[in-house]
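Q: This is the feature table in TrEMBL:
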type     : residues : note
DOMAIN   : 228-357  : domain 'GGDEF'
TRANSMEM : 12-32    : transmembrane segment
TRANSMEM : 44-62    : transmembrane segment
TRANSMEM : 74-93    : transmembrane segment
TRANSMEM : 105-123  : transmembrane segment
TRANSMEM : 130-150  : transmembrane segment
TRANSMEM : 162-180  : transmembrane segment
Amino acid sequence: MQAPDTDNRYVRIAVMFLLSLTVFAGACATAIHWLAPVHRTMDLIIPPAATVLFGGLIVALIRRPRWVIGIARIALAAGALALAAPAWLYTLQATLTPGVQLIDLLPPVSSLFVVFLVMLMIFIPGRLAFFAAALCWALVALPVLAYLLLHPLELWSPRGSDLMMAYGPVSILVVVLLPVQRGLASKIRRLASERQRMEVMLHRDPLTGVQSRLLGERMLREALAEAAPAGVIMLDLDRFKSINDTYGHPVGDRVLQAVASGCKELLRENECISRWGGEEFLVIVPNVDAPGLQQVAERLRSAIARLPVAPVRQVTASFGTTLIRPGDTLDTVLQRADQALYRAKELGGNRVEAGPVAGAGSTHSSG
Ligand SMILES: Nc1nc2c(ncn2[C@@H]2O[C@H](COP(=O)(O)OP(=O)(O)OP(=O)(O)O)[C@@H](O)[C@H]2O)c(=O)[nH]1
């Protein structure tokens with residue numbers, strides 16, 4: 001039986017708080033009963049016994065914090081006994097003794113029973129909680145309710161109605177609503193972790209492990225929205241189809257993985273690479289000018305050309321670069337990078353071509 005949230009220190013704090021409250025209530029009840037003009041045996045036994053027992057549980061919890069769930073369950077079992085004993089004893093006494101009323105005899109424990117049920121539904125997991133709640137209800141509430149139903153005069157007194165409400169509808173509400181709340185909370189937790197997993201999947205390209213196009217687009221939009229200068233590099237492997245055709249698709253996949261991780265290693269933390277399409281990647285370089293962007297692209301180009309991906313003899317890529325200009329949109333910036341890339345391909349591949357700088361011609365370099 002797996003306890004919920006065993007390591008949660010909030011559970012320990014809650015249990016410690018409740019045990020301390022019970023000790024305090026037990027000590028008060030002990031004092032009140034000793035000072036009362038009439039001494040009833042049960043009242044003289046249960047409160048001090050509960051005070052000592054729950055005090056011992058506090059010490060145990062301090063010494064063995066990891067036993068919190070076990071300690072809470074012992075406290076629940078003791079609580080059930082402490083609530084059931086007066087319920088049965090005073091019900092029997094009121095039934096058997098003419099002129100004696102249960103509403104006068106029963107100590108004010110109906111609200112304690114509701115708190116007890118809440119704790120029970122929290123600390124007993126799954127369906128067992130319902131069985132335990134039904135058992136405790138039969139032990140504590142049933143004799144009192146049966147008595148009240150057989151004694152309508154007491155039932156319709158303020159104390160009788162109060163007992164009826166606490167042991168009847170309120171108890172049922174607690175037992176039904178708490179698991180519903182618990183189920184909803186765990187469903188929300190499951191959905192949140194599922195959403196996180198989906199987000200990771202959406203943001204990572206499953207084959208190469210670099211960012212997905214979705215995340216690349218988002219980062220490009222962010223770069224466009226920022227005032228700081230930034231550049232974009234579009235790179236496309238040369239004659240990749242022939243690598244697939246010659247060596248097979250799995251080798252093609254390995255080439256894509258090697259290119260992606262080779263580029264990633266060369267890029268700084270604030271520079272990001274995403275897989276744009278089949279054998280096409282987009283790099284965003286923040287805080288860069290035209291020569292700097294050219295340098296980054298050139299570094300990537302020569303690194304790819306040196307990549308060892310046996311049995312492929314050499315892998316090369318073509319590059320189109322462009323700086324982001326004021327007023328650019330996603331389409332305009334991608335269009336310029338694409339045009340530069342197209343030019344690099346046209347010129348034989350394995351080269352870097354820069355998109356037109358505003359008011360200037362294009363530049364290029366090749367291996
Ligand atoms: N192995 C592998 N191949 C892919 C993947 N995605 C796309 N491709 C292949 O990439 C190839 C791209 O071919 P093309 O668009 O003709 O490009 P290319 O052969 O590189 O030609 P150029 O770009 O003009 O140099 C196609 O054969 C696709 O099947 C993938 O995930 N894995």
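Glycine too: its Cβ is placed from the backbone N, Cα and C atoms.
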Q: Short question: which residues 6 or more past the ends of the transmembrane segment (105-123) have a Cβ under 8 Å from it?
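A: The answer is 3-4, 18, 25, 29, 40, 43, 69, 72-73, 75-76, 79-80, 83, 86-87, 90-91, 93-94, 129, 132-133, 136-137, 140-141, 144, 162-163, 166-167, 170-171, 174-175, 178-179, 182.
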Q: Counting Cβ pairs closer than 8 Å, which of 74-93, 130-150, 162-180 has the most of them with the transmembrane segment (44-62)?
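A: Stretch with the highest Cβ contact count: 74-93.
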Q: Please spell out the DSSP helix, strand and coil residue counts for the domain 'GGDEF' (228-357).
A: 59 helix, 32 strand, 39 coil
Q: Using a Cβ cut-off of under 8 Å, list the residues of the same chain at least 6 residues beyond the transmembrane segment (74-93) that approach it.
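A: For the transmembrane segment (74-93), the far contacts come to 15, 18-19, 22, 42-43, 46, 49-50, 53-54, 57, 100, 102, 105-107, 109, 112-113, 116, 119-120, 123-124, 132, 136, 139-141, 143-144, 146-147.
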Q: Mind looking up the mean pLDDT for the domain 'GGDEF' (228-357) in the predicted model?
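A: Mean model confidence (pLDDT) across the domain 'GGDEF' (228-357) is 95.
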